[in-house]
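Heads up, the thing below is written out as structure tokens.
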Amino acid sequence: MSRRVKLEHKQIKLLSNDQRSASFDEEALSMNKMRKNITQKLDTTLVKNVPSKAARSKSTNNVTSESLQTKKLQHILQLNSDDETILNINKALSRSRKVLVLTGAGISCNAGIPDFRSSDGLYNLVKKEHPNVSLGSGKEMFDISLFRDELKISVWATFMEKLYSSCRLAKPTKTHKFIAHLKDRGKLLRCYTQNIDGLEETLGLELSSEQPVQEDSLKKENLQKSLIRSNSCTAFSNAKWRNYDVVQLHGDLNKLSCTRCFHVFNWNRYWARSFRRGELPVCPHCEAIQLRRSQQGKRVVDHHGMLRPNIVLYGENHPSGDIISQGLNLDILRGKPDFFIIMGTSLKVDGVKKVVKQMSKQVHERGGLVILVNKSSVGDSTWNGCIDYQIWEDCDEWVTFLNNQEPDFFKSQKEVNKLRQLKREASELRKQKLLETRKQIEQQSLSTPPTTPTREEKNLRILQAGLSGSSSSEGEESDSMKRASLQSLKRKLLPPTNKMAKNKKAKLQLKEVIVSDGESDDDQVMKLNAEFYFKKENNTLTTSS
């Protein structure tokens, strides 16, 4: 054993730089081969036999969201209506009560707004449009360190104005409308977004961005009040947080904030022109304070605050970070979420990773599901046990597929309320009709008194029952009924006091009894007895005449 170990140690040698680069290239090729093999295996495993509609309906009705949870991240490469897992996920989403949503730049790509990390993303766009600027990567234009270089500031200002104008022209996508629909149905607990476009506001959703400063607050008498308000507005409020539909984790491009006093303003055309020229405009609030100090004879500070887009850059603390963390804890502990949807993000930001892990843990404890809708991989090892399924499809296409599979889930709240009202009215009408019919029956029973049948009617009923119901199982009962009827007829025929009318009726009744086919021996005996009494009565009638 010791010799083998020594030989292995001798074989290990240090590699040169060229050999190291070559080895890394080989490792990259091997990793690509591994990825291809994994995708091929997933394709083979996902192709299943098509079950019947009845079997599919039974399986979807019996499957719960807790049984759909997985220990490892499962991949769904295609949206197939015959795939039971997708159908079960859709059923679980339609049955859910409180849904958490996390969105990224991928949901706004169909609106014409580029994402960050793709080949046509913002990072590559910055490098293409400004090749003269020394940038290691396009990510540097979204880092707080850019404010150290005036050239980068001017490039960043022009780029932000272009991005703002494109966001102004963009329209909400199907995914944005899906989030608004969740809010309309009362199922949306909260939507946490990494986007800065603010397209959710056009659909009537309440954003967590700060309210801009009014023009009246820039007057001399309101400057001190507005400054106090900007410093005290960072306190957390449960009532305000519950009104927020969308929490913007990275800020809002549609607002401008001051680098000194942190006041928030809306864009206007004058400031947009200065951004287009590559210049950051001066904060009007800081300028008004300096003017007031100079009028009062106080010392004037040359440093003014500059307006910049109200977004969070890399390496920068979020101005509302404490509020977001408190609200996040409130949603996780008291919100009781039972479904978590992640859409259009590759989950590369560290802060977002922590948020996803906290949310998914709480959702799984409540028996809910966590799904990711994204076209790029996020890494299975880091998300095993956190995310149950990844759907490799465009977000809008997934929403259309969900709409086709669960049309009742996409009905508006007004339509749902109308259907409920119609069902209530129909049930009330049924109850009224039942009451009316019961009253009519009671009135009819009271208006018509009970009547007792005569003896002749009873005899006729006995004869009819005996003639019609002479089966093998009921033979004895029918014979006894016939004998009783014949005995009653004997009583009518034998006494001499009977009149001709009564005798004629008796004859007719006897003829009806006699005229029948397929009778037993007892019936024939009864017929002979009846004929005997019939002849006897005829003889008595002739002698008397």
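Here the Cβ of each residue, glycine as well, is placed from N, Cα and C on the backbone.
Feature annotations, courtesy of TrEMBL:
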DOMAIN    79-425  domain 'Deacetylase sirtuin-type'
ACT_SITE  His250  active site, proton acceptor
BINDING   Cys258, Cys261, Cys283, Cys286  Zn(2+) binding site
COILED    412-444  coiled coil
REGION    466-506  region 'Disordered'
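According to DSSP, Cys258 (Zn(2+) binding site) is assigned to a strand segment. In sequence order, Phe265, Cys283, His285, Cys286, Gly305, Met306, Leu307 are the residues of the chain that are 6 or more apart from Cys258 (Zn(2+) binding site) and have a CB within less than 8 Å of its CB. The Zn(2+) site, placed at the center of the C-beta atoms of Cys258, Cys261, Cys283, Cys286, has further neighbours from the same chain whose C-beta lies within 8 angstroms: Thr259, Arg260, Phe262, His263, Pro284, His285, Glu287, His304, Gly305, Met306, Leu307. With the fewest other C-beta atoms within 10 Å around its C-beta, Cys261 stands out among the binding-site residues Cys261, Cys283, Cys286. When Cβ atoms from all protein chains are considered, those within 10 Å of the residue listed as 'active site, proton acceptor' total 20, not counting its own. In this structure, the residue listed as 'active site, proton acceptor' belongs to neither helix nor strand by DSSP; it is coil.
The two recorded residues, Cys261 (Zn(2+) binding site) and the residue listed as 'active site, proton acceptor', have Cα atoms 19 Å apart.
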